[in-house]
Amino acid sequence: MFDSFIPPPDTRGPLTWNSFTLHVLPSLFLYHLTAYLVQIPGTLLIRLALLPAALWSFFQTTTRIDLVHGFPNRDVLVYINQGLSLSMVVAALRCITWSFQRRPYERLYRIPGIEKNKEPNRLWDTLDLLVNLRGHGWNWSRGIKIPQEYRQTHSRTAFLLKTSVDLLVNLLISDHLHWVVQWFGPTTIGDPLGGTIHDHTLPPTQNLLRLIFISLLSGLTVCSSMQAAYHALTLLGVGIFNQHPLQWPPMFNSPWLATSVTDYWSMRWHQLFRDIFVSVGGNPFYMLLGRAGGVMGAFLISSILHDVGLWGMGRGSEFSSMGGYFLVQGLGIILEHTWKYFTGIRVGGFAGRVWTFIWVVVWAPVIVDAWCRKGLCASAFYPHEFRPSYFTLGPLPLPPY
């Protein structure tokens, strides 16, 4: 979908001082400015006037910058461009949300040792707002489901030590899971040129089980990788910028314990993008089509976000797969609401766990296969000889690059 109205990805250029000032700097400036203005009463018209320029700058950054341009091993590093594209879409969606906000955002300052001053520190509040995607500690995040903290927050040293251990554990887990996924097809799944996760030489039942298992491992890889990145940012925020541990609550809430599709997506999977999905997609579609429209609208925005991220790798987008998976997840939530409406029984318990696994994981090959065919699963996060799995499971016969 994204390919039809943008320049070809191979027209993107390297990040230079000129391209930074021309394409990246305006995005950063307008993102910061909008975050600042949304805290100031009476700035609604200013924010609305700035919005077109902000959206255009995010579009330019996404379509003009190639962060791995000229790298000798760029084929296994294109996930960095995917991250850039995802970041720009998130920034655009947040600016849309902020631009239409009528009530100014306010910090609640419900953190021990931090009291709300008569004159808030707009600079620090703006910086917090820029990176605080879930909005904990702000007046706009009511209803967000924050997982229960499991680390000691009264001791900064203990908190940092536990987070460091969790970072190391998730790095090890994610790399070993990634190794196993690549092991299923070192010359296809593990090839930067991409390859399908289907094995048509197998009987249909065995092929289906293979697809489900690879998709399950891929999902766990994504989960552990995101947690590792979040732990690293936590160490930076608390250890370097002296933020309070309570400002960095856990990211995931044991998604494998979900008892319904609703429970999985609304409480247990990370809630980083909940606000923008609901604000830009859920609320408008709710007003037009009711509750079902609100659910599908939120997942539509999620579909677009992931499709643009896939495009960022430089190998085209695939909305039928990206959108297909997430829109089906919205359908699962609607089916649960319909079941409760007619039976009075909420989906849950052991049967709910089985149902959730089937709906979330059995549909997952749709999106995982697209990722693998675009070469995402061949991404290299370490030099091969320094991968943790290299020392425990051995090298994979990966194609040279």
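Including glycine, each Cβ sits where the backbone N, Cα and C put it.
Annotation comment: TrEMBL describes 248-322 as domain 'Wax synthase'. Each residue of the domain 'Wax synthase' (248-322) gets a DSSP state, and the totals for helix, strand and coil are 54 helix, 0 strand, 21 coil.
Here TrEMBL flags 20-37 (among others) as transmembrane segment. If you look at the transmembrane segment (20-37), the same-chain residues 6 or more away from its ends with a CB under 8 A from one of its CBs are 43, 46-47, 50-51, 53-54, 57-58, 60-61, 64-65, 88, 91, 94-95, 98-99, 122, 126, 129-130.
Under the heading transmembrane segment, TrEMBL lists 44-59 (among others).
Summarising the annotation, TrEMBL assigns transmembrane segment to 79-100 (among others).
The feature transmembrane segment is assigned by TrEMBL to 208-230 (among others).
Per TrEMBL, the feature transmembrane segment maps to 285-310 (among others).
Residues annotated as transmembrane segment in TrEMBL: 322-342 (among others). Here the transmembrane segment (322-342) has Cβ contacts under 8 Å with residues 1, 260-262, 265, 291-292, 295-296, 298-300, 302-304, 306-307, 310, 359-360, 363-364, 366-367, 370 of the same chain, all six or more residues outside its ends.
Among residues of the same chain six or more beyond the transmembrane segment (354-372), those with a C-beta under 8 A of the stretch's C-beta atoms are 185, 188-189, 194-198, 211-212, 214-216, 218-219, 258-261, 263-264, 306, 310, 318, 321-322, 324-326, 328-329, 332, 347. Summarising the annotation, TrEMBL assigns transmembrane segment to 354-372 (among others).
The domain 'Wax synthase' (248-322) scores a mean pLDDT of 95 in the predicted structure.
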